[in-house]
Amino acid sequence: MIALAGQTPDVIAILPAAGIGSRMQTALPKQYLTIGNKTLLEHAIDALLCHPCISEAVVAISAEDRWFYQLPVAADPRVRVVTGGSVRADSVMAALRCASAASWVLVHDAARPCLHQDDLRRLLVITAHTEVGGLLATPVRDTMKRAHTGSDIIAATVEREDLWHALTPQLFARDLLITCLERALAEGATVTDEASALEYCGYAPLLVPGRVDNIKVTRPEDLALARFFFSQLANTESV
């Protein structure tokens, strides 16, 4: 549903946070590592709920999660919690089933704490001219290599001109996202992000240029970089 000119879209946010982040090599799941006095997950939630169009955040956590309910954000009436699944798409579907009614759904990584409000505003603007949705992304700048399958030997250099790094948030019409995720999961498709489910069903989401400092904390070295970027963000925005 396209938002009419001058009309604010109704949006709910989903944060899949059921993963354990094994590549971080930490005792805590990565979303519970901290920047300042808040976890990565709290920073991600805060950045979304700052925007007046986003009325609710649904967090999908593991059934074994023993950390979320200790966080102050767990008491926020705008935050709902659902038990997630073993893969991202299952967690997103679980959140969609319990979320309040809304025309649009925004999905954001729980370990991506450095979202700028300018990026979020640019993404939400697309609801005025698309019935599908889109995602924040950055053009690939480095030279890209493809390896032989199962090998660390270069097979080819990949043309980077039309390649983009997919980021989050990703924003889609709610009913369309549900339909595409259900079909992709039922047919055994590989769904690495929400956009890939829509692509599988023949839709073409929009790429919305975003900032390169909107990083996802995946490896140990990412946390120090995220802390630096967040310190810069705190100097320019009210966080």
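Yeah, the Cβs are placed from backbone N, Cα and C, and that goes for glycine too.
Database features, via Swiss-Prot:
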| type | residues | note |
| --- | --- | --- |
| SITE | R23 | site 'Transition state stabilizer' |
| SITE | K30 | site 'Transition state stabilizer' |
| SITE | R160 | site 'Positions MEP for the nucleophilic attack' |
| SITE | K216 | site 'Positions MEP for the nucleophilic attack' |
Next on the checklist: Using other CB atoms within 10 angstroms as the count, which residue among the recorded sites K30, R160, K216 scores least?
Outcome noted: R160
Checklist outcome for this item: Whole-Å Cα distance, K216 (site 'Positions MEP for the nucleophilic attack') to K30 (site 'Transition state stabilizer'), is 10
